[in-house]
Amino acid sequence: MAKPAKRVAVTGAAGQIAYSLLFRIANGDLLGKDQPVILQLLDLPQAQAAVKGVVMELDDCAFPLLAGVVITDDPKVAFKDADVALLVGARPRSKGMERKDLLSANAEIFTVQGAALNEVASRDVKVLVVGNPANTNAYIAMKSAPDLPKKNFTAMLRLDHNRALSQLAAKSGKPVASIEKLAVWGNHSPTMYPDFRFATAEGESLLKLINDDVWNRDTFIPTVGKRGAAIIEARGLSSAASAANAAIDHVRDWVLGTNGKWVTMGIPSDGSYGIPEDIIYGVPVICENGEYKRVEGLEIDAFSREKMDGTLAELLEERDGVAHLLK
């Protein structure tokens, strides 16, 4: 007996990240190889023709799991009964644009989208914000959706997590799949803190294996933090395929579980680890039965506290920068 289709809303559907994302969702990579999906695609009126072109390509793949596609420029149509909402579209920073201008331009988008989710989405909708500044955009959407549980709103730090895994595998010579218990704390920005103090590879402590504080401080942390900028420098375009891959990882793990393994998600704080409530902050989590649970009780040393407070300061500044736009 075929499962009933799940509705997956994707914003910024004509964009580069969505182009890497939609075909994988339709192929079953997001919700499982036995789960039919209906894609509900949102983009601006001027992008509708481009979205139609992407849908022509989706049709031409003849994906067995793709049960339907909706194309719209209306958030209330896109989010209607959505089980998953991937908020990929955001206002990019243009030349000469101040960060506060970027924040307010995005606040406008995410208040509208949060309100639409509040009105029409499934009450169990799983929301992942990919569009930057992702943590604060997720915070704005959450605050604009008072009837939905706060825990439904998350921001993507999985790209930072995967970038850190790759750097650790290269440094230690261990297979990337063998590395467990990595944490990435804070904002999806160069201030975030990738933390491998608890990490193991094939049961061995990575900290002991690598045993190089200078590398951690001067190479590892900045490399992960500035990787997005390095890709733009090399490619002339921002990371799209790796961002789409991280979005798939994030939602798949949230829905299908992590088998006891740690992953990083930006989630609303409950006050633990000294992070004020409701701030959307990257923490290590374990997922099971469609829920995430933060890893509790980790020891925070002085260096880590400084790094975690630094990225928190940026998030508080962003929050305060949009406070007047939230009723």
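The backbone N, Cα and C atoms fix where each Cβ goes, and this holds for glycine too.
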Which of Asn27, Asn106 belongs with Gly12, Ala13, Ala14, Gly15, Gln16, Ile17, Ala18, Gln113, Val130, Gly131, Asn132 in the NAD(+) site listed by Swiss-Prot: Asn106
Recorded NAD(+) binding residues, Gly12, Ala13, Ala14, Gly15, Gln16, Ile17, Ala18, Asn106, Gln113, Val130, Gly131, Asn132 - maximal Cα separation rounded to whole Å: 20
Neighbouring binding-site residues, C-alpha within 10 angstroms of His188 (active site, proton acceptor) - of Gly12, Ala14, Gln16, Arg99, Asn132: Asn132
By Cα-Cα distance, the member of binding-site residues Arg93, Arg99, Asn132, Arg163 nearest Ala18 (NAD(+) binding site): Asn132
Rounded Cα-Cα span from Ala14 (NAD(+) binding site) to Arg99 (substrate binding site), Å: 25
C-alpha spacing of Gly131 (NAD(+) binding site) relative to Arg163 (substrate binding site), in angstrom: 18
Count of other CB atoms lying within 10 Å of the CB belonging to Ala14 (NAD(+) binding site): 21
Cα distance (Å, whole number) from Asn132 (substrate binding site) to Gly12 (NAD(+) binding site): 12
